[in-house]
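Q: Dumping the structure here so I can ask a few things about it.
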């Protein structure tokens, strides 16, 4: 590209951009539309939590705090065995330490941790960034539905397994009918 | 000319000097933002950030005014004034409308204006020298080199207009102006405007400031109000160079209904040129110091000389 045409192109592009609408979103007045998988904050669905501690152990910077105790439930049937279970006492995430890697969300075997696009929780004191279970539970309400799968995507495993089982059953049934006849 | 008349004229020039650079600065904020797909300041003052520069001024006034230990204190403190005041003086001599709408019209207006304009550049030169900082010194030396190179095409192209009009008076040039002077002096206008841009150290000729290489050139050590004065001088310079180009090459107040609306024509032409200055900053990358020199000596000076030759030939043929 020669010097002159390059200069002219620069002028043309800037002038054209000026006549178009700016892409700026005026944030405090206008909320951004964040995609469903945005890593804003981690919500805790505490009903699902079994205090397995996997999240706390996998967290690379140790920002998950969990306290619990064991409770013993009486036997439900006469002569049955007593059952023990973990009860969550404290679940806190220190977002001053959290580096938003999402490993805790990934490792949780019981789907108790979720990403939420909510991001407006800045504080003026670093100590207030440690959020306890009630706040984390409240953030669950901001977790959006998972986006639909891409049309070309593979079938989800549980659906694929169910479909295969159903197909097998149907095949057996037709074979049985043929044998009868 | 009685005292009241002088006072009113000076007041008008002072108001213009305080208002127009801020308007250009605001235009730069907004035009540059939109050229880059942004919106620029939106909150200061409520409506589209109109008070942004006032807020900036308040901020600058609050900042500490520091002087480096090794600096030449008196010269260091004087430099912003040397950079700023000449543009005010030049503005006095620029005619804004027909029939005496000018602060004061010296007979050798072109001489006066160009001489004083050169003094303004000295402000950054002595700032660079007095700062006792190697980056400031580098910036100052680049400023000096640029001043040397671009003063010549600036003077030559202005001389071409003076030849065409047969007078050195700015008002005289405007009185003699004909519409066909615009194509006739087009090359001269390009040379004058470009050289003016270089004298102001505006992009793409801002190697003396070049924040990526030498921090902020001659202004590196400045803070607070003195730094603000340098910035103000830059925008006052844009106004002055644009107004001079409009007056010398685009016919100043000439246009439809010039008797009533002459001042509006001057302002419109000046404003359009100011926009071009901003546009060039957004669209073009910075030239290297050596490219700046090469452009002056191998492009602008020959073009200015060719313009003078053309002016002379046509003047002799028609005269």
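Heads up, the Cβ atoms here are built off N, Cα and C, so glycines get one too.
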Q: Out of A:110-145, A:146-181, which range is noted as region 'Disordered' by TrEMBL?
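A: Residues A:146-181 are the ones TrEMBL records as region 'Disordered'.
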Q: Taking just the CA atoms, what is the gap between residue A:98 ([4Fe-4S] cluster 2 binding site) and residue A:55 ([4Fe-4S] cluster 1 binding site) in Å?
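A: With the alpha carbons as reference points, the distance is 12 Å.
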Q: Can you tell me how far the Cα of residue A:59 ([4Fe-4S] cluster 2 binding site) sits from the Cα of residue A:52 ([4Fe-4S] cluster 1 binding site), in Å?
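A: Per the Cα atoms, residue A:59 ([4Fe-4S] cluster 2 binding site) and residue A:52 ([4Fe-4S] cluster 1 binding site) stand 13 Å apart.
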Q: Report the residues of the chain - excluding A:49, A:52, A:55, A:108 - with C-beta within 8 Å of the mean position of the site's C-beta atoms, for the recorded [4Fe-4S] cluster 1 site, in sequence order.
A: A:50, A:51, A:53, A:54, A:104, A:107, A:109, A:110, A:112, A:113
Q: Hey, which of the binding-site residues A:49, A:59, A:98, A:101, A:108 is the loneliest by Cβ count within 10 Å?
A: A:101
Q: Where does residue A:104 ([4Fe-4S] cluster 2 binding site) sit by DSSP, helix, strand or coil?
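A: The three-state answer is helix.
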